Amino acid sequence: MKKIWLALAGMVLAFSASAAQISDGKQYITLDKPVAGEPQVLEFFSFYCPHCYQFEEVLHVSDNVKKKLPEGTKMTKYHVEFLGPLGKELTQAWAVAMALGVEDKVTVPLFEAVQKTQTVQSAADIRKVFVDAGVKGEDYDAAWNSFVVKSLVAQQEKAAADLQLQGVPAMFVNGKYQINPQGMDTSSMDVFVQQYADTVKYLVDKK
């Protein structure tokens, strides 16, 4: 029993030490110009970005962050248009995914079609990925030029500009803080992901 307790105490101490070590300029950066009105937790990515693919498919960073967030905390993902020949079209397609609520259905297929099989070479190819993932073609077409999708595209572009986004993947909290992966412990993938998620939670609680 004593051994179990000591092990548990060690875990608590390790967690406390980890939380205490989160600091401005290391695991996160306070923005010089905070941006009001941004989603609580905002992640920027591109289907063309190899590191974004790693974050999503290998490290599962987004999933781990979501698990740590307090109940009711909204996490939003925006696509950027400044990477790749179909950056604009993929940003619009991501807006379609948000409008139809099919982000989880199309994320992995789009990453794989853009980076792995390289079968996305046109707007029609993007549409095919959606259809193959179970989205009705008519629903996709109706959403593509809709007011809602146009607004979501503008929203993504404005957020990237307002936050002076330099590259992806990138995550911001409350429009005030940017996560700094370069300051994370990279001794193992699990430790890195855990610290990343802990840092986001710390900043959400900090407000």
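For all residues, glycine too, the Cβ spot is worked out from N, Cα and C.
Annotation source Swiss-Prot lists signal peptide at 1-19, citing similarity to another entry.
The domain 'Thioredoxin' feature in Swiss-Prot is assigned to 20-158. Residue counts for the domain 'Thioredoxin' (20-158) by DSSP state, with H, G and I taken as helix and E and B as strand, are 76 helix, 14 strand, 49 coil.
Among the features that Swiss-Prot reports, disulfide bond is placed at CYS49-CYS52, with the record citing sequence analysis. Less than 8 angstroms from the CB of CYS49 (disulfide bond) sit LEU83, VAL168, PRO169, each of them six or more residues away in the same chain.
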